[in-house]
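Q: Dropping a structure here in structure tokens format, bear with me for questions.
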Amino acid sequence: IKATFDITLIVPKDRVALSNMNVIERKPHPDDENLVEVKFATTPIMSTYLVAFVIGEYDHVESQSSDGVTVRVYTPVGKAEQGKFALEVATKTLPFYKDYFNVPYPLPKIDLIAIADFAAGAMENWGLVTYRETALLIDPKNSCSSSRQWVALVVGHELAHQWFGNLVTMEWWTHLWLNEGFASWIEYLCVDHCFPEYDIWTQFVSADYTRALDLDALDSSHPIEVNVGHPSEVDEIFDAISYSKGASVIRMLKGMNAYLLKFQHKNASTEDLWECLEQASGKPIAAVMSSWTKQMGFPIIAVDQEQVSEERILKISQKKFCASGPHDSEECPNWMVPISICTSEDPKCSKLKLLLDSPETTVSLSGVGADQWVKINPGTVGFYRIQYSSSMLESLLPGVRDLSLQPVDRLGLQNDLFSLSRAGMISTVEVLKLMEAFINEPNYTVWSDLSCNLGVLSSLLSHTDFHEEIQEFIRDLFTPIGLKLGWDSKAGEGHLDALLRGLVLGKLGKAGHKPTLEEARRRFKDHVEGKQVLPADLRSPVYLTVLKHGDGATLDTMLKLHKQADMQEERNRIERVLGAISAPDLIQKVLSFALSEEVRPQDTVSVIGGVAGSSKQGRKAAWKFVRDNWEELYNRYQGGFLISRLIKLTVDGFAIDKMAAEVKVRKRRALPVCVTAVRTARVQKNAFWKV
């Protein structure tokens with residue numbers, strides 16, 4: 001439903017009043033001198049779900065974009081300085097989107113405002129975008145590099161919605177991915193424009209592409225386009241399929257400007273988009289893309305090779321990839337798979353491109369000698385996993401060691417192998433052998449993905465006798481890069497160096513690396529005593545390390561820091577690591593703290609999730625805590641997406657079939673069937689692991 005809106009608010013005269021449009025009149029209320037009437041300009045024709053108004057006490061910073069749009073960032077009173085970074089991002093982003101889409105921003109102003117208690121990360125109300133404080137505010141002295149990057153991405157995402165979703169709105173919830181998939185893709189385009197030093201497209205592969213692959217490999221996944229017949233089903237599709245898979249499958253597509261021009265102020269479907277893209281590219285987009293949007297899942301591309309003189313013969317086949325193991329059904333679906341192939345001669349350039357529209361094919365690469373490696377999917381653009389033959393995988397290891405493979409391809413190679421192991425298709429030994437080749441890796445995002453996968457492996461092996469062995473492996477792998485980086489930033493270092501240092505020190509500290517633990521304790525003591533304040537980028541790894549190996553006094557000190565913190569980012573930073581504490585009685589103290597008034601309701605989830613993700617004991621304690629406090633938690637979140645996230649975080653580390661059954665039956669009436677099935681499948685997926 002779309003309409004125009006005329007909004008007038010009657011508010012206390014000392015309050016800020018905002019709505020979608022600009023104020024055209026503010027006058028005293030005729031019957032009460034303490035009130036004023038604030039009248040706003042008539043909106044363009046717009047969807048009802050985007051209407052918004054805010055009344056409260058706020059400070060703000062203001063600027064104007066190069067194309068004449070007034071931009072304001074509203075902050076809590078006294079924190080206007082913390083709105084300047086988001087203001088900078090927004091004023092750069094609006095003209096960038098205008099030029100990219102060839103469609104101007106249609107309103108005279110846009111306000112970005114921080115809301116204290118806010119369940120979602122942000123909401124794209126047209127002209128009045130609401131954010132969690134941690135998604136908008138940056139303290140120049142106390143915010144870490146990852147927070148700056150997060151704010152840039154969220155601002156880019158929500159401003160993209162001013163075009164995708166607001167100007168052109170999905171025809172029905174079936175086409176939700178038109179909103180969220182495009183915004184999730186374009187936010188990276190925006191950040192790459194504003195901050196090219198972030199290497200953000202490599203981070204996209206780790207943060208969105210692989211996340212979507214993991215969820216879409218579950219038997220309980222769903223297509224990008226999913227029929228929605230009832231309002232209760234809408235929340236279920238706000239997931240990594242709509243956001244991250246949607247972003248991944250359109251990553252290289254062009255023609256959005258034609259789509260926006262044609263459907264501005266209207267509703268559109270997926271088919272409308274394909275028609276515009278076909279006109280822009282002259283290629284059969286609809287035929288190719290329908291297999292990716294109308295059926296769930298994705299293929300695993302199996303590749304084998306044979307050398308014949310100076311010619312490399314590749315046998316390529318596709319089959320549906322399932323987290324539960326090989327898909328052997330006779331009714332296995334096919335995809336129209338864009339395949340690109342590069343060689344060590346030119347790792348950044350595709351030597352051959354083809355469209356695989358059948359179960360298998362054979363191709364020949366001329367001029368490829370026996371000493372050259374061959375890589376499928378350079379740039380890790382195609383949405384699929386790859387399983388190389390043993391000889392092909394062995395030949396790629398030198399490309400990892402000497403860094404001749406692109407960073408994004410080094411990342412993709414190990415992530416694919418890790419997922420194959422998790423599905424029980426290869427042994428964990430093969431994955432660890434590949435990971436050893438990353439000993440000289442310099443790239444932050446590659447290390448981040450390695451760290452994440454090793455964290456999952458460590459979590460699952462906590463149920464076995466191999467837990468200490470994997471900690472030793474982590475210490476051996478991360479020590480060289482830790483020694484190279486050191487604890488303190490050096491002249492000439494940038495954003496990615498800061499992210500990498502925090503990642504590596506946190507990983508070493510958690511794994512029990514003694515020199516890291518000793519230095520973390522020394523710096524933490526100085527920080528608490530006021531002798532030397534910890535740089536923002538070191539706080540998370542130091543807090544994590546001292547808590548992981550700390551006692552009750554350490555926890556009490558951390559809770560005191562939480563109480564004293566004036567910045568929500570710092571409070572959240574502490575909340576996320578509290579679960580690292582090891583003693584059973586202290587774990588219970590943290591869980592009780594999660595439901596206290598000290599923690600905002602939307603942040604309770606991250607405290608409990610931190611406990612569940614920390615250790616075998618933490619997982620069991622967190623799951624019991626959720627069961628014992630289910631009514632309070634469910635009522636707190638009213639069955640919304642936060643309760644779904646809580647269940648996910650609580651059960652993800654389990655790898656026992658009987659746990660899957662318990663997750664499935666526990667309060668089934670209170671959870672959407674889709675959510676229950678996905679969480680159950682995650683536990684079952686872990687149980688398939690092939691050690």
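In case you wondered, yes, glycine gets a Cβ from its N, Cα and C as well.
As listed in TrEMBL for this protein:
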type	residues	note
ACT_SITE	E158	active site, proton acceptor
BINDING	H157, H161, E180	Zn(2+) binding site
DOMAIN	2-50	domain 'Aminopeptidase N-like N-terminal'
DOMAIN	85-292	domain 'Peptidase M1 membrane alanine aminopeptidase'
DOMAIN	373-664	domain 'ERAP1-like C-terminal'
SITE	Y243	site 'Transition state stabilizer'
Q: With helix taken as DSSP H, G or I, strand as E or B and everything else coil, how many residues of the domain 'Aminopeptidase N-like N-terminal' (2-50) land in each class?
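A: Its residues divide into 3 helix, 29 strand, 17 coil.
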Q: If you count Cβ atoms within 10 Å of the Cβ of H157 (Zn(2+) binding site), leaving out that atom itself, what do you get?
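A: If we count other Cβ atoms within 10 Å of H157 (Zn(2+) binding site), we arrive at 26.
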Q: Between H157 (Zn(2+) binding site) and Y243 (site 'Transition state stabilizer'), how many Å separate their Cα atoms?
A: 11
Q: State the count of C-beta atoms found within 10 angstroms of the C-beta of H161 (Zn(2+) binding site), not counting that atom itself.
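A: Step by step: centre on the Cβ of H161 (Zn(2+) binding site), count other Cβ atoms within 10 Å, giving 23.
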Q: Which ones are near Y243 (site 'Transition state stabilizer'): of the recorded positions E158, H161, E180, which have a Cα within 10 Å?
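A: So the list reads E180.
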Q: Just counting, how many other CB atoms are there within 10 A of the CB of E158 (active site, proton acceptor)?
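A: Other Cβ atoms within 10 Å of E158 (active site, proton acceptor): 27.
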Q: When the pLDDT values for the domain 'Aminopeptidase N-like N-terminal' (2-50) are averaged, what is the result?
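A: Average per-residue pLDDT within the domain 'Aminopeptidase N-like N-terminal' (2-50): 96.
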Q: If I take the alpha carbons of E180 (Zn(2+) binding site) and E158 (active site, proton acceptor), what is the distance between them in whole Å?
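A: Computed Cα spacing between E180 (Zn(2+) binding site) and E158 (active site, proton acceptor) is 10 Å.
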Q: Using the Cβ center of H157, H161, E180 as the Zn(2+) site position, which other residues in that chain lie within 8 Å, going by their Cβ?
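A: Filtered neighbour residues, in order: E124, E158, A160, F164, G165, N179, F182, A183, S184, E187, Y243.
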